[in-house]
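If you check TrEMBL, you get these features:
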BINDING   C24, C60, C98  [4Fe-4S] cluster 1 binding site
BINDING   C174, C178, C181  [4Fe-4S] cluster 2 binding site
DOMAIN    15-135  domain 'MTTase N-terminal'
DOMAIN    160-396  domain 'Radical SAM core'
DOMAIN    399-461  domain 'TRAM'
Amino acid sequence: MSETQRAAAEPTARKRLFIKTYGCQMNVYDSERMRDLLTPLGYEPADAPDGADLVILNTCHIREKAAEKVYSELGRLKPLKEAKAASGDPMTIAVAGCVAQAEGAEIQRRAPVVDLVVGPQTYHKLPELIASVHRGRGEGLETEFEVEEKFDRLAAPVRQVEGYSAFVTVQEGCDKFCSFCVVPYTRGAEWSRPVDQVVAEVRALAARGVREVTLLGQNVNAYHGEPPAGDAADGTWGLGRLVRHLALIDGIERIRFTTSHPKDMDDDLIAAFADEPKLMPYFHLPVQAGSDRILKAMNRKHTAAEYLDIIARLREARPDIAISGDMIVGFPGETEADFEATMALVREVEYASCFSFKYSRRPGTPGAALPGQVDEAVKSERLARLQALLGEQQEAFNASMVGRTLPVLFEKPGRHAGQLSGRSPYLQAVHCEAPEALIGTIADVEIVSASRNALAGRLKDGESRAA
Ligand code: 5AD
Ligand code: SF4
């Protein structure tokens, strides 16, 4: 992500939350859970709906005419909402509970004063739903917590811009709302840069000698940029089309992108790995967990089988593609069996490289309010097992390169005199004795040895070539 990150959300002025609970103990319990979920977003309980920023009617369907009672309560709320709007401050009205479940969108049709309807199965999505209402009104989402340091940075490039390899932001923000993640709150809604802007930047980089560009975005494969001026009006461009277009720019030999979400995979992007030689055979596609139960609790919006299917299709398009990912262990509720499902998925995928993390409770995210938080010692033990397996896979992947000849983009002098350091198409670091004049060019290197973190090789002929 660009260094000029969006400013951190300042701690907000306190917001007032009024919840009216109808019916049974279950609803009383649910109302408390909703209050807990919303507290980190700056909401404090209010005794009355007057002047409240958020009003939730947690309804009950058990008695006759329950829905009618809700509609008449909404009628009473209408003037309060109008009065608040007149003072320049919106009131958000939500209907939750069994009436919401039973009547669904009908409520909003009959009572437009309602901003959102949320059924009992989806309370964990309340922060996400409220965020979309606020965005719909053009308001930013303010959160009480500091901008994420660690994971926000992890979502940012690991490598710094070097002379011949550059990062280009094409997309920012995220609408996915994985329940462990702060990015949708700190970085805001998903947004794509227009194609013309990206092209201009990549052309300028190519003119400065850049040979490789990595297209960046928190949800880069959700890219849907405004088409170039003069393009027949056929809607926005996806990432596959952008990649093919950038490949036409003279001087650009290699294209990569990161980070993608399984839900945003499309056939065109997969096909680009088969038919666009400048698109490097390396794909960072986080899955986070291998258990469908945990994926659901994470609000990942895909199953393990769907993820594996994408990997299979990518391998069909480009058999040598290196797969990379992100994993979280110890998400709330993760059992030993769930963790074993993660291990099984990793065994099936065979990652070339993969980041792995212990779940860390981020205030303000739905995951933080979930029951079944996993003990630190259990998380550490699972992480160690996972990392041992991932380490073996990375080592095996690197070892499989020995004896092969790979085109290496030399980027800088190596650690030892006379050595250069570069990258293979699979993003492996490659060290090789070579003249400094080859920096900024791509040359064939025969790989002679491999370790977990790097390859060492011999220059084939000293000639530079295209990828
Ligand atoms: N706990 C652990 N890992 C996290 N990530 C994001 N949020 C959390 C969290 N709360 C990891 C995910 C993501 C990567 C950038 O950081 O794996 O893909
Ligand atoms: Fe966070 Fe999920 Fe969006 Fe990635 S896709 S930035 S993990 S919310």
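The backbone N, Cα and C atoms fix where each Cβ goes, and this holds for glycine too.
Since the structure is predicted, the reported quantities are computational estimates derived from the model, not experimental observations.
Everything TrEMBL records as a feature, shown here on the structure.
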residue : record                          : Cβ neighbours (10 Å)
C24     : [4Fe-4S] cluster 1 binding site : 13
C60     : [4Fe-4S] cluster 1 binding site : 17
C98     : [4Fe-4S] cluster 1 binding site : 21
C174    : [4Fe-4S] cluster 2 binding site : 24
C178    : [4Fe-4S] cluster 2 binding site : 22
C181    : [4Fe-4S] cluster 2 binding site : 24
Residues of the domain 'MTTase N-terminal' (15-135) by DSSP state, where helix covers H, G and I:
66 helix, 24 strand, 31 coil
If I take the Cα of C98 ([4Fe-4S] cluster 1 binding site) as reference, which of the binding-site residues C174, C178, C181 has the closest Cα?
C178
Measure from each Cβ of the binding-site residues C98, C178, C181 to the atoms of ligand 2 and list the residues where some distance is under 6 Å.
C178, C181
I'm trying to understand the geometry here, so how far is the Cα atom of C60 ([4Fe-4S] cluster 1 binding site) from the Cα atom of C178 ([4Fe-4S] cluster 2 binding site), in Å to the nearest whole number?
29
Inter-residue C-alpha distance, C174 ([4Fe-4S] cluster 2 binding site) and C24 ([4Fe-4S] cluster 1 binding site) (nearest angstrom):
37
Within 8 Å of the Cβ centroid of the [4Fe-4S] cluster 2 site residues C174, C178, C181, which other residues of the same chain have their Cβ?
K176, F177, F180, V182, V183, P184, Q218
Helix, strand, coil residue numbers for the domain 'TRAM' (399-461) per DSSP?
4 helix, 36 strand, 23 coil
Anything from the binding-site residues C24, C60, C98, C178, C181 with its Cβ under 6 A from ligand 1? List those in sequence order.
C181
Could you tell me the mean pLDDT over the domain 'TRAM' (399-461), as a whole number?
95
